[in-house]
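Feature annotation from Swiss-Prot assigns domain 'RCK C-terminal 1' to 192-276; the stated evidence is sequence analysis. The annotation domain 'RCK C-terminal 2' is assigned in Swiss-Prot to 279-361. Marked as transmembrane segment by Swiss-Prot: 4-24, 28-48, 65-85, 95-115, 158-178, 371-391, 393-413, 437-457, 464-484, 493-513, 533-553.
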Amino acid sequence: MSDIALTVSVLALVAVVGLWIGNIKVRGVGFGIGGVLFGGIIVGHFVDQAGVTLSGDMLHFIQEFGLILFVYTIGIQVGPGFFASLRVSGLRLNLFAVLIVIMGGLVTAILHKIFAIPLPVVLGIFSGAVTNTPALGAGQQILRDLGTPVDLVDQMGMSYAMAYPFGICGILLTMWLMRLIFRVNVEAEAQKHESSLANGHSLIQTMNIRVENPNLNNMAIQDVPILNSDKIICSRLKRDDTLMVPSPGTIIQAGDLLHLVGQSTDLHNAQLVIGKEVDTSLSTRGTDLRVERVVVTNEKVLGKRIRDLHFKERYDVVISRLNRAGVELVASSDASLQFGDILNLVGRPASIDAVANVVGNAQQKLQQVQMLPVFIGIGLGVLLGSIPLFVPGFPVALKLGLAGGPLIMALILGRIGSIGKLYWFMPPSANLALRELGIVLFLAVVGLKSGGDFVDTLTQGEGLSWIGYGIFITAIPLITIGLLARIFAKMNYLTLCGMLAGSMTDPPALAFANNLHATSGAAALSYATVYPLVMFLRIITPQLLAVIFWGMG
């Protein structure tokens, strides 16, 4: 059998064994995709014992390409929500998550200096303790750039494997500890979260208002400042028994009922100006109007602003809402359309069908992947990661590397959405498949390289010490910031659990947090809020630590 065929066969065996290990769960918690690392260690041990030689160049390529695929697809997935998560609404959650990352780095630095832990080993422990595989890849990349011998770089994977199990267990224990210390009633916390959402300013809501302000009588909608802003959409107007789709030039009369869409604060301000909120239904049922959701798939409208498409003037159709990457937005006239945007349309059936044809509404396109943008994005990401950043006092130039470059490029492209006929939208199923393939390839190679010496290191070497260091790196930041967030910020327990899981970019921990309450989405929401920024910081942190420690000698 050729070296290539043998290497591929062994990698396939690693994937099978590792995924089987990952599917083993104890009380609903397992290693998940991280099981591939341990599958690689097991197979690698026996490969080493048998004296089998695999293709080193091929393993290196597969490891790096797997990492690139993984971080790129993560960036495309979270890109649309990354910059939004940095805004005020998620500022507090991101602040606490960033503190966890910083404190983890500080604990790592202290352990490195006090116990003189070799740099590759301590970076591996850090990556495993925070259960972040891209951090492992980024650390190995910067160590190679610094000229670290290959056998020492491979120690990073071994120490990562030592610290990884408690990294997963530690966050679950922290959630349990917070619940015990503060005697949390999960049902009450879920109800508080739902109440806060209902009273919050971030959700898109609706309000029906009767026009009672005499100053607005016989005025056009476009002449009423509160209705002519991009903060509120007037999607329906009912006069007597007639329901219509209003245009900017529609004349308002006393007694008209307006159906407004916007954030709660803006709706309240509009109600103070216009008149009184009423419970009267403005449903399209039984009328010649209907409400329908269509998806943007036509390349010709990508990047165009809603106002430039003139849907109201041409088709008498109003866009009441815009859903982008799962986030409901007010369909302001300045909003540019991106591939995969979901538009909420109000109008007559024939008119809605006409608008649907303009924007595409081809559901099958959502299941197709444009491969050209994928490779353009990966290529640009690799180029970005290769740009040297010279910092005074450092022995080598700092680079984003093969982990940071594709991630940042994917975040940017995911946020842009499309350029001309090129769009970076990727169907969730395709994104997940590429992401899982990438991480399986990466972890399989890391495990294979670590397997030969793993048992000896654990039983005769410093393996137990590495596990102890990992416990400190995992537990100290989580417990400290968890207590601060609960005591001083009065953070909701379910939100706190999601934030802790997000700060470790740990899907098993998110699954555990979601299972705390069957119907509440609090944990998932906070996880998604902090995940993009934390993932970026987790990849950058080991590179910064490596360069700083290397410079300090």
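The count begins at 1 with the first shown residue.
Cβ atoms are placed via backbone N, Cα and C, with glycine included.
Small disclaimer: the values here were computed from a predicted structure and weren't measured.
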Surrounding residues of the transmembrane segment (4-24) on its own chain - C-beta under 8 Å, 6+ positions past either end: 30-40, 42-44, 47, 52, 54-55, 58-59, 62, 440-441, 443-445, 447-448
Cβ-based contact of the transmembrane segment (158-178) with the transmembrane segment (533-553), 3 or more pairs under 8 Å: no
Residue counts (helix, strand, coil, in that order) that DSSP gives for the domain 'RCK C-terminal 2' (279-361): 23 helix, 27 strand, 33 coil
Contact between the transmembrane segment (95-115) and the transmembrane segment (437-457) (at least 3 Cβ pairs under 8 Å, separation 6+): no
Residue distribution over DSSP helix, strand and coil in the domain 'RCK C-terminal 1' (192-276): 25 helix, 32 strand, 28 coil
